[in-house]
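Asker: So TrEMBL lists the following for this protein:
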DOMAIN    1-253  domain 'Kinesin motor'
BINDING   Gly4, Pro5, Thr6, Gly7, Ser8, Gly9, Lys10, Ser11  ATP binding site
COILED    350-384  coiled coil
Amino acid sequence: MMYGPTGSGKSHTMFGCSRKQGIVYRALRDILGEEERDDGVDNAAFRLNLFVQVAVLEIYNEEIYDLLSVGNSNGVGAGVSLPKGATPKAKLEVMGRKAKNATYIYGNEAGKISKEVAKIEKRRVVKSTLCNERSSRSHCMIILDVPPVGGRLLLVDMAGSENIEQAGQTGLEAKMQTAKINQGNVALKRVVESIANGDSHVPFRDSKLTMLLQDSFEDDKSKILMILCASPDPKEMHKTIATLEYGAKAKCIVRVAHMPTPRDKLNTEDSSLLRSRIVAMNQFIYKLQIDNKLKEKERDKAMRDLLHKEEELLGLRLKLELIEARGTAEREEEINCKVMERTQVLIIELQKMEETMHYQQEELSFLRRKLHEIEAKNHKENEDAFQGMDGGKLLKRMSEMCSGDQGMEKSMELDMGDQNSNCDVKEIKEDISHATTDIHLGTHLNSGYSSLEDEIDFDMPKITDRVCLSTVFERDDEGEDEEIMEEPEIDKEVLEELSDSFATLSKDQFKENVKDPTSARKTRIQNIFRLCGNHRELAQQVNLPVSPMKKLENTNIHLSPLALSKDSNAKVNHAVESVVQAKPGKNTIPNVRLTDNMVFSLTPPLASVCFKENEDSKENTTCNGAESANLTEVYVKWEASKESSGNLIRKLMVKKNSSLSDLRNLIEITLLEDNRNQPFAFLLLADPSGTPVVKDKEAEVPVSKLPFCNTQHNSHLACLRHTKSNVQRQNHIPFSPLENMLPLHVMKAQVEEAL
Ligand SMILES: Nc1ncnc2c1ncn2[C@@H]1O[C@H](COP(=O)(O)OP(=O)(O)OP(=O)(O)O)[C@@H](O)[C@H]1O
């Protein structure tokens, strides 16, 4: 119990300040323990299961207020306005020696409780006076109950007794307030004096303060400590002396031991039982509070871990998004690179194609210009040719075309050639009725002489249509074998048709063709192909063992108009005559010197055929019988069949060591002369199987293997069997020499005509 004048430091001693703790904190610390840990677990109070319950009361104007609870405004003392922001306090009633329904706070930490109490103390009614800037206008009682031990500590901060004049209190309210404060102090002083004097009556009920302190004064187990506060100011000396005199009186209080009554015993037993129950309940509550704290700490720790995990998860998600974004960017970059590369390649290809196309367009334009020039030139030449045709120029043009090794390309050039060729074509068609020889023409063409017309006194118009058209019809490979047997008839029909067409082609029609460059050009191309094909065909058909120029010289057959003199021409005429005269009848055997034929001189020699070249051609134009011992006679006949009676063809003279292949060459020439060029095979009558000789084997079979004819040992019989095709045709290739379909006698007749 703090006692002293106003401003002497009672409140300061009770609650202390920031630098120095007051009695409240020190008392709590002594009860609950020295220091509490941060976790509040391992302190002395926890070990001893100690805790306190605290109530804070204010006695103002003889009214009791609960500073821990919030009441209405009516509870506040009259005449005292609440400070700004202050909450009203709950007013309590006194029941017996205790305040009824007081609010308590519990705890086992001295620091927290003392801080809470100091904060609540600020709710006391204070007022600034001359003696104290913040002078307390009420008594403050702090009740500390320690349920585990059943003890109680009352700490009372009494309002300071003051002199109204010295305090400077003016006004009725201030005077009444000072009177009330002094009333409490005076009541306490009388109680103390009564107890000290041993009076039978102690005036506890004179004030609320002494009512609440009655148990402390009457219980002999309780102890009272009065702390006297005095100001060091000398001016306050008299107050200090008065306070000390008051303390001296209080010190004289001697309490006699109280004899318990039966009622007191019952109350004591009941109170002890209730106190034990309260203690047990408080301990259970305290354990629950400790468990709750532990759970809260575990929850806080789990929450911190959860936040930490969430932060890690967020970081991982951000990393994943970065990786995905980076991967997507890399893929897009890779695709873009590929697209760029492909685009570059395509651009380069496009540039190349454009260059190529440009080059081709230039070439095409060049060719078009050239074609226009040629067509214009041809058109002009056609007109000129139409005005004055000269057939001899065609021959000249054809000779130019065929000179040397000119082939198909040269023929094509003829199509684009000068006006002379047109004139030649024209002459051919006009004089188509004049029969001439293609052999003559072909020979001269192949001899490479371009000015044949100067040496030979005939014009190209005399060339027969047959000459021009005889070999233009090259058959397709397919079905060739089947067509071979029908070739003569088909060729004849075609030739007749073409001959008729040429014969009926009038000059007027030709003029129309000339006017029409396309048709005239087509006609020229056809004629040129026909002539060239005819030439090649003749060169292939005639196979005789004659060396080209040398043997012609030996036989005095020289057809070159340029190289031959008039005498040599006479020799040529003689040679040809011998050929013509040797033309036999059907069943006669001609004794011919085939080397005299001008055509034969252009063909490869047959080494196996025994026709010796005579020194004097005049003496060897014929060969009757077996003049030489090296020669033998061979009678050639067809095999008897349904179609033929096996008629004899002719007799041939061959060398004794000749083979059937050599004999075949002679027979084929003979058949050509008879216009019966048919494929055949040799039959060896001595062979019991009757199998014909394979053509490939003919070169290995000598003529002497043939059977004798009529038991004459110097003559043999060659029996021929018709075959469907020549084996040679199986390997026929395009543009190879064609087979001549013209009868040889016609050719010879034409040659004769030409010469
Ligand atoms: N021991 C001390 N050390 C330092 N300052 C002190 C001390 N005692 C008191 N004071 C100061 O003196 C002033 C008055 O003190 P305090 O309010 O405690 O007096 P009081 O006795 O309670 O007055 P009242 O009865 O009017 O309330 C305060 O400002 C306080 O800080």
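A Cβ is built for glycine as well, from the same backbone N, Cα and C atoms used for every other residue.
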Asker: I'd like to know the mean pLDDT over the coiled coil (350-384).
Answerer: 91
Asker: For Ser11 (ATP binding site), name the DSSP secondary structure in the helix/strand/coil scheme.
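Answerer: Once the DSSP labels are grouped into three classes, Ser11 (ATP binding site) ends up as helix.
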Asker: Is Pro5 (ATP binding site) helix, strand or coil when read with DSSP?
Answerer: strand
Asker: So how many other Cβ atoms are close to Pro5 (ATP binding site), meaning within 10 Å of its Cβ?
Answerer: 24
Asker: 10 Å Cβ neighbour count around Lys10 (ATP binding site)?
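Answerer: Other Cβ atoms found within 10 Å: 24.
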